[in-house]
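Inspection log for the structure reproduced underneath, given as structure tokens.
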Amino acid sequence: MPTPPPQPRPLLLASGSSYRRELLRKLGLHFTAVAPDIDEAARPGEAADDLALRLACEKALALAPAYPDHLIIGSDQVAVLGDSRLGKPGTHEKAVAQLLRASGNTVTFLTGLCVHDAVSGVSHTGLDRCHVHFRRLDRDQIERYVTADEPYDCAGAFKSEGLGIALIERFEGEDPNALVGLPLIQLTEILKRFGIAVF
């Protein structure tokens, strides 16, 4: 495997998510991952895309004082069905309920991205929008899926990188990685602005 170009700056992934760590490893870059401690509650009247972007930036900015030499990557995902947000279900019962609502419908996954330069204070952001069209699913199918994949920590109770891919008819979006939680296409473009190239 070719050696990647030297990294001029240390990278920090502001996330405790194993899914995001696996995605970032795809780029072959050296990085550290630390989970930030922020309040992820939505503000009154806050739009879903604004929430995803704000939380991505807050995650990155929260770690800047402790990592003053780093480029810090923050990302957050919000799932929307109609006018309702689908959060991380947390329990089996809530996961089943979310997927019963998603059955036969389209869920939009909004993934916010922020890369913050702790040295200069400059941030670049992006937002990926992916529409996922779910198959018509009965309760037994959903129960079996939730038991097998345990998507309790995933927005919309859905793991596209796991068995969840069998729940959908199709998806419309620019970057399938964003569905997992980190839009790599936008990330590589933003990193180039900071002088970090994958190739």
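Cβ atoms are placed via backbone N, Cα and C, with glycine included.
If you look up Swiss-Prot, you'll see ASP76 marked as active site, proton acceptor, on the strength of sequence analysis. According to Swiss-Prot, the feature site 'Important for substrate specificity' maps to TYR19, GLN77, GLU161.
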Inset, instruction - Work out how many Å separate TYR19 (site 'Important for substrate specificity') and the residue listed as 'active site, proton acceptor' at their Cα atoms, rounded off. - result: 12
Legend entry - ASP76 (active site, proton acceptor): tally of other CB atoms within 10 A of its CB: 25
Legend entry - Cα-to-Cα gap, GLN77 (site 'Important for substrate specificity') vs GLU161 (site 'Important for substrate specificity'), nearest whole Å: 15
Inset, instruction - For GLN77 (site 'Important for substrate specificity'), name the DSSP secondary structure in the helix/strand/coil scheme. - result: strand
Inset, instruction - For GLU161 (site 'Important for substrate specificity'), just count the other CB atoms lying within 10 A of its CB, please. - result: 16
Legend entry - TYR19 (site 'Important for substrate specificity') in three-state DSSP notation: helix
Inset, instruction - Round to a whole number and give the Cα-to-Cα distance in Å for the pair GLU161 (site 'Important for substrate specificity') and the residue listed as 'active site, proton acceptor'. - result: 17
Inset, instruction - Indicate the candidate from TYR19, GLN77 with the smallest number of other Cβ atoms within 10 Å of its Cβ, considering only these recorded sites. - result: TYR19
Legend entry - Coarse DSSP state, helix versus strand versus coil, of GLU161 (site 'Important for substrate specificity'): coil
